[in-house]
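Chemist: Take this structure first; my questions come after.
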Amino acid sequence: MELPNQENEMSKMLNGQVHILNQSLKFINSMSLKCALHLNIPEIIKNHCAPMTLTELITALGINKSKANCLFRLMRILINSGYFISQKISENEQGYVVAPSASFHSTKDASLIRIDVSLVAPVLQPAFVKPWDYLTKWFLNEEFCDMTPFEMAFQMSYWEYLRKEENAGRHFNESVAIDARLIGGVMIKECREIFEEIESVVDVGGGTGTASMIIANAFPNLRCINFDLEHVVDGLTSSENLVHVAGDMFQAVPPANVALLKWILHDWNDEECVKILKRCKEAVESSKEKGGRVMIIETVVNPDEKQKQVDEETRETQLLLDMLMMVLVGGKERDEKEWGQLFADAGFTRYKITPIFGFRSLIQLYP
Ligand SMILES: C[S@@+](CC[C@H](N)C(=O)[O-])C[C@H]1O[C@@H](n2cnc3c(N)ncnc32)[C@H](O)[C@@H]1O
């Protein structure tokens, strides 16, 4: 009889320990990034225009020299996360530069996409963090069936919270506007043919109108409608071919050739999604012969057997967002089968998925 290989068992346990510790301490990556952004480290290093030594960084930050080793360790974890690179300056000296993939573009240059503290800020606010403490209770107690963990934590829905807490609302709008700028840029390139063929587009739940503005500027002959709740569009300035319209997408959507739904449906449960989709179908129905369609920009979670077709980071981002939607708003990230069911329930006959937006895809829905 073969005896259990004790060395093997110990090594498995040690590996297990690494895995569990690594996973449970991952929040430190987010918190370290938050700190670096609040200290304005990316901007300072970028403006230095050459690899910046630790001593130079300490001086620029105006922090006490006794914290030099701590700053070195903060920078080391951020290098490990891929935000910065340490470059050799001389035999004995290293300097920090911002990693090209980190996209910390200058906030002063409006033509560049600004991925900075405004993008990360809402993610690390109490509104995003506190509801997780309620998740176990939410799973276990029947009485919370009709609530989200967010509602348990704050006694109001996430949308009410954004309306009441001015700062949180502003951070949220800024953060989605950054994403809209990024995706808007891709859209005017990748969807050029669609926008050149149609006369009007309504951005349903378009927030403060960033995506609409980009589309309106790129296609001056296109009539753009940015449609969102009253408190979101209130005070926004319209232009030649862009109007901001207040309303409730569950009641009615302004008619247009194309209804755009970017990052909307993942906020809602299936029943609510079917209602929104039906309103969008009504809005584009009369344009059926003129290229009328609904354009959805959302995640399509790959089923497990196809998991290897997307890279690990993309897949993990989709799953993290799925959990966030569950906890915050009772929404979800959907796989193709789930999307197909929603489309059929809303009365659509045909759809096409094109994965052109990083972790998200373009889904075209034909009435
Ligand atoms: C996640 S944001 C997406 C914003 C924008 N589409 C984007 O991706 O940049 C969701 C948007 O839906 C809007 N919204 C929520 N409920 C709505 C409703 N009943 N009618 C219209 N818009 C609504 C919110 O105000 C918010 O601007």
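Positions of Cβ are set from backbone N, Cα and C atoms, glycine also.
Look at TrEMBL and you will find His266 tagged as active site, proton acceptor. Annotation comment: TrEMBL describes 25-105 as domain 'O-methyltransferase dimerisation'. Taken from TrEMBL, the feature domain 'O-methyltransferase C-terminal' covers 132-348.
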Chemist: List, in sequence order, the same-chain residues at least six positions removed whose CB sits under 8 Å from that of His266 (active site, proton acceptor)?
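Modeler: Listed in sequence order, they are Glu298, Thr299, Leu321, Met325, Gly331, Lys332, Glu333, Arg334.
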Chemist: Looking at the domain 'O-methyltransferase dimerisation' (25-105) alone, can you tell me the average pLDDT?
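Modeler: Here the mean pLDDT over the domain 'O-methyltransferase dimerisation' (25-105) amounts to 92.
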Chemist: What does DSSP call the residue listed as 'active site, proton acceptor' in the simple three-state scheme?
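Modeler: The three-state answer is helix.
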Chemist: For the domain 'O-methyltransferase dimerisation' (25-105), give the DSSP counts of helix residues, strand residues and coil residues.
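Modeler: Per DSSP, the residues of the domain 'O-methyltransferase dimerisation' (25-105) fall into 47 helix, 14 strand, 20 coil.
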